[in-house]
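Features of the protein shown, as given by TrEMBL:
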- 1-25: signal peptide (SIGNAL)
- 29-116: coiled coil (COILED)
- 101-172: domain 'Peptidoglycan hydrolase PcsB coiled-coil' (DOMAIN)
- 159-242: coiled coil (COILED)
- 276-371: domain 'M23ase beta-sheet core' (DOMAIN)
Amino acid sequence: MILKKRTCYVLLVLILFINSVVVYADNSIEQDKKRYEQTKQRIDKVEEELNEKKREYKDVTKQIKKLDLQLDEIDKELQKLEGQLNNLNNDIEVTKKELLEAEKNIEEKNDILNKRLRVMYKNGTVGYLEVLLASKDLEDLLTRLDMIKRIVENDVELLKYMKEQREQIKEKKAQLETQKKMLLSTKQTIQKKRKEIEVVSRAKQQLMRSLASNIKELEKQEDDLLNLAKRLEEEIRRKQIAQKYAGGKLTWPTPGYYRITSPYGMRVHPILKTKKMHTGIDIGVPLGGTIVAANDGVVRYAGWYGGYGKVVIIDHGGGISTLYAHNSRLLVKKGQSVKRGQAVSKAGSTGYSTGPHLHFEVRKNGAYTNPMPWLKK
């Protein structure tokens, strides 16, 4: 009797221990899945920030390139101005020499003319009489008078011409000096603009270095989070494998509808028209037909899932999960426990679909498997 009681007590303890282990395993998996979801959210946030920084970096790089092109154009313009200034300076120097030469010639001609006039003034009419008396005849006299007249007129005209040339040279020099001032003013304006662009360019380069540092740090964060997510995923899978499966063959997910319109395996995709792996089976179901859970489990996902449209994913434990796709309406929520045969959705044609049907998948430890061996009608 005592032995019987002791045996019952041991069995009770063992049952309680097994149940507590299962509960602990469930809680542990749930915690890991929660951490996994949080990690994925952090990855999404980091990726969003990283993409934004990369866009900024790309924009700043373009701006710096544009500024560099502007600096190149300014340098070319400055080089051209330097050439023009050098030519002007050379022209001004030549003009200065011409002006000095003209002044010298005028001064010399003035001296000669003044001396001649002083002599003529000093001698008065005597000078002319001497020239006239020295004439041999009337023709010679007229010739001498004409010669004297021509000499004086020529001196006066030459002096007048030289003064005109001097004024022209002065005017030319003034014009060159004015051009030089304008070019120097333009050069100063361009140099000022160049300095402004250099300041902006340096600021952009500093920003680019800062962005590059941020990108590097965010990429490291992303790598760390991806590694963490991978470890959590592996841990969840390991625990699911260790966890006891709900048991028995899966029940048919579409009661009353058994026609398989597309089996598991390679096929030509009805929309994409390319040869692809069909990772589940398609069962013909009218719009609004009831879809049920293939076994007991917990809803791990309920919502839109890309080309699958509206989807329900149920975790049955032991690494086994089922997927129900292209639904028109979902009847369960994420985290909800469901029983075998419980309605989870209504059939539809959402996502990449050619008509109302159920796309049904069975996954073992995350890998696709042929659903048919798991199902019983």
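Keep in mind that glycine also has a Cβ here, set from the backbone N, Cα and C atoms.
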- Note on the structure: Taking every residue in the domain 'M23ase beta-sheet core' (276-371), the average pLDDT works out to 93
- Task: Mind tallying the domain 'M23ase beta-sheet core' (276-371) by DSSP state, helix then strand then coil?
- Result: 3 helix, 56 strand, 37 coil
